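*Asks:* Sharing a structure with you now.
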Amino acid sequence: MRGEKLAKSSGTFRSFKHRNFRIFFIASFFSNIGTWVQRIAQDWLVLELTNDAFQLGIVTGLQAIPFIFFSSFGGKLADRFPKRKLLMIANSTVALWALILGVLVISGNVQIWHVYVIALLLGISSSIEAPIAQSFVTQIVPQEDMANAISLRAVNFNSARLIGPAVSGFMISAFGTGPSFIFNSISFVFILSALFFMRTGGITELNPEQGKVYIREALNYIRARPDLKALMLLTFFFATFGFNPELFSATMATMAFGKDAKEFGLLGSCIAVGSLSGSLLATKLEWKPGTKRVIASSIGFGFAIIIGSLAPSYTFYAIALPLFGAGMLTTGIAANRTAQLGSDPLIRGRVMGIYFAIFMGGTPIGAPFIGWLAEIFGPREALITAGLIVIFGSLFVAWRFRGRLEPPKDVSLSATFNR
């Protein structure tokens with residue numbers, strides 16, 4: 001039935017009734033603010049060191065390329081070992097890399113190759129942490145609240161995105177980029193403390209059968225599911241060429257409008273207005289996940305990118321960015337929810353590892369390509385190209401998998417391989 005909603009108890013924020021999720025949410029919020037402060041500072045540092053959009057694309061790509069190789073490993077760890085301890089280790093390493101980069105900048109010794117190395121190390125830690133964190137949420141809330149919890153994580157991330165870029169812009173203008181990295185490192189104290197003090201009794205125990213499922217079985221599982229194959233291909237198109245908001249804003253702010261760090265940071269907050277609105281809407285509605293909905297959202301997202309590229313001034317570009325942010329988040333949440341809730345729990349961690357490998361792994365292709373287009377043809381032309389690729393890629397997936405986009409009623413491993 002059209003407009004069918006998931007069966008659920010009422011309440012947009014109902015997952016907060018679970019103590020472990022509540023403290024995880026609050027701690028993640030402060031940590032995510034630090035993450036966004038660093039993202040803006042890192043982009044600005046690269047532009048300060050090189051004044052080259054292509055170099056910015058390279059750094060973005062280096063931070064994303066580990067997702068190709070390590071996300072599935074993170075998913076494997078998530079299915080075999082206690083996720084809480086894994087998250088503590090992964091987040092500690094991210095804090096360490098941020099601290100090192102901050103010290104290099106403040107001491108005046110930073111060079112572009114340092115940024116390359118730190119970006120790569122951050123990417124490795126983040127690529128392992130992402131599927132573990134996604135799977136961990138399913139352990140601290142019951143089945144009936146999982147969709148709500150997944151959406152609330154997006155609300156969390158984008159609430160922080162509303163604050164972090166603006167804070168970073170003002171910090172860079174006042175103190176330079178170095179303190180922003182130190183700020184991010186310190187912010188991890190919140191998430192590490194939350195994980196340490198979490199009640200272990202409220203965490204669902206690991207199913208011993210999960211450790212017996214291998215990566216190749218997860219790949220075979222996806223191959224046997226046309227709806228998941230379509231989702232993974234669709235994710236490649238919209239994530240590779242569309243999910244580059246900082247790169248888009250950096251090139252438009254500096255190359256199209258000639259703005260400084262403070263105004264660049266404010267653009268990140270403009271994106272967050274739309275992202276937060278989109279994630280809150282997704283949390284409230286909780287439409288049944290499905291690849292068809294992701295396709296429709298992805299096409300709308302592509303048009304939002306093109307609309308932003310046509311803005312005649314900085315002010316109009318800032319006004320258009322909430323539409324971009326809303327399109328980006330509704331697409332991302334729909335894809336994440338479809339991948340996670342449409343998979344057998346025994347293999348969910350590894351399916352999410354593969355999903356993140358595709359979601360983030362395309363950035364080493366998309367970011368340098370868009371940066372190169374911006375340098376050669378201009379930032380507007382680069383954004384128009386990105387938007388068109390997202391639109392036509394989505395239409396291709398809809399055509400290629402027509403009639404096979406609905407998930408089966410039984411998504412278990414046994415049912416999938418016995419069809």
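For all residues, glycine too, the Cβ spot is worked out from N, Cα and C.
Positions annotated as domain 'Major facilitator superfamily (MFS) profile' by TrEMBL: 20-405. The transmembrane segment annotation in TrEMBL covers 21-41, 53-74, 181-198, 231-258, 264-282, 294-311, 317-339, 351-370, 382-399.
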*Asks:* State, in range form, which of 21-41, 181-198, 231-258, 264-282, 294-311 has the highest count of Cβ pairs under 8 Å to the transmembrane segment (351-370).
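*Replies:* Checked against 21-41, 181-198, 231-258, 264-282, 294-311; highest Cβ contact count belongs to 231-258.
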*Asks:* Taking 21-41, 53-74, 231-258 as candidates, which has the most Cβ pairs under 8 Å with the transmembrane segment (317-339)?
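*Replies:* By the under-8 Å Cβ criterion, the transmembrane segment (317-339) pairs most with 231-258.
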*Asks:* Considering only the recorded stretches 21-41, 53-74, 231-258, 264-282, 382-399, state which has the highest number of Cβ pairs under 8 Å to the transmembrane segment (181-198).
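*Replies:* If we count Cβ pairs closer than 8 Å to the transmembrane segment (181-198), 21-41 scores highest.
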*Asks:* Please identify the stretch among 53-74, 294-311, 382-399 with the greatest number of Cβ pairs below 8 Å relative to the transmembrane segment (231-258).
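*Replies:* By Cβ pairs under 8 Å, 382-399 leads among 53-74, 294-311, 382-399.
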*Asks:* Over the span of the domain 'Major facilitator superfamily (MFS) profile' (20-405), how high is the average pLDDT in this prediction?
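*Replies:* Taking every residue in the domain 'Major facilitator superfamily (MFS) profile' (20-405) and averaging pLDDT yields 87.
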